[in-house]
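Comments concern the structure below.
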Amino acid sequence: MIGTGYVGLVSGACFSDFGHDVICVDKDAEKIAALERGVMPIYEPGLDRLVASNVRGGRLSFTTDTATAVAGADAVFIAVGTPSRRGDGHADLSYVFAAAEEIAASLTGSTVVVTKSTVPVGTGDEVERIIRETSPDAEAWVVSNPEFLREGAAIEDFKRPDRIVIGADDERGRAIMREVYRPLYLNKAPLLFTSRRSAELIKYAANAFLATKITFINEMADLCEKVGGDVQDVAQGIGLDNRIGGKFLHAGPGYGGSCFPKDTLALLKTAEDYESPLRIVEAVASVNDQRKRAMGRRVIQALGGDARGKTVALLGLTFKPNTDDMRDAPSIAIVQALEDAGAVVRAFDPEGVEQAKPLMKSVTFCATPYDAANGADAAVLVTEWDVLRALDLRRLAAKMAQPILVDLRNVYSPQDAAAAGFQYSGIGRA
Ligand code: NAD
């Protein structure tokens, strides 16, 4: 497993749990050293136990040395990052191509090289070219196997996926992948074989579709506020229709995270390159981008239109609960909008503080939500962590200079918040 981040570490740990022998490789020596001490470099529920038991069982190990990991492997997965390229939003494939070169130089025997990273359509062709050029005699087949796990529920998602997509243009590649995933196949996870290009596109199409669903309900929420509707009723009313489905219909501050923002942008770049516009996705990306900062303005409005010198408490910072991942979290744009308007920001998050610190340097981080609210003029619920779902609202209000609660996840009922003395506003509820 080349790349031991959210995807590589979870995939490696799960494959080893199925009985495969797995070596996880990372360039980041600190990450590997921590893993060797049993310290997880990321927060993901259940991961520490899964890693520890497979390390004990002798099936899972860690190294910084690609060559030893690749030599003798039946399958090598590329699970390195594919962030947005600075300046233009294309997927930055430099890590994937560098990994491909290193793998190619270390191949022995017959190996399937699997791209698990999210990569634009056609990347498999380039990986194949790099391997053929670097190592013309190697017997290698390049396969696409996009990953659909969600941070926060990654192990369960990996072990019980809705589907496994394998894009392979060669029967030998398909055969090895069938063996690799056989334990899951026995769990009745559907194995979908496609061409390599289709598999690459499936990942982006899935993320763009989910981003569209979120953005759709967010705009409906705005309309609800104007016309006097309740977006939660509307979401339920449409979601009970099986053709629509109830998931991803929770109105909120806009999608963030390490995948949707960068993947929608990268898909748009592919569409541009092939002169095949994706206007719906264009609208989704732009609406969502504006929405995150608009959430900051919503808080300023709740403060009476002027935030200068006011203190705001943010409750939850990560882009969703049960992860420490801060990449493209809506909280970043909200903090910026508030600070631009002259507010002072205090914040609480159960797991995200270490990753948040470099992204929001002027914020004061607090150990509890009540500490964050201490002396604040407004509290903003940004991420619906379990520990933030049952706050003692009276205690929270009593801590604050002004009892204003902006609930960007509709966790609290407007009646309960009002009963606790709050001036309350949610999302999409008139
Ligand atoms: P990450 O940044 O957490 O991890 C990537 C790791 O790869 C880093 O630890 C980095 O040091 C390492 N690395 C980079 N180049 C390397 C090399 N040449 N050799 C060895 N290690 C190297 O990234 P992530 O969140 O795990 O995402 C990985 C890929 O999976 C991305 O393409 C992402 O879009 C995709 N993906 C992510 C998720 C998610 O929820 N995070 C879900 C599905 C797909």
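Using the three backbone atoms N, Cα and C, a Cβ is placed for every residue, glycine included.
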D26, K31, T118, E151, K262, R327 bind NAD(+) according to TrEMBL; which of T66, T82, T134, T311 goes with them? T82
Kindly point out which candidate in K203, K361, K399 is recorded by TrEMBL as part of the substrate site with F148, L149, R150, E151, F248, L249, H250, A251, G252, G256, K320. K203
Long-range neighbours only, meaning 6 or more apart in sequence with Cβ under 8 Å: which ones does K203 (substrate binding site) have? T118, P146, E147, F148, V165, D263
What does the DSSP secondary structure composition of the domain 'UDP-glucose/GDP-mannose dehydrogenase C-terminal' (313-414) look like, as residue counts for helix, strand and coil? 34 helix, 18 strand, 50 coil
Neighbourhood of ligand 1 - recorded positions from K203, L249, G256, C259, K262, R327 with Cβ under 6 Å: C259
For C259 (active site, nucleophile), what residues in its own chain, 6 or more apart in sequence, show a Cβ-Cβ distance under 8 Å? T118, N207
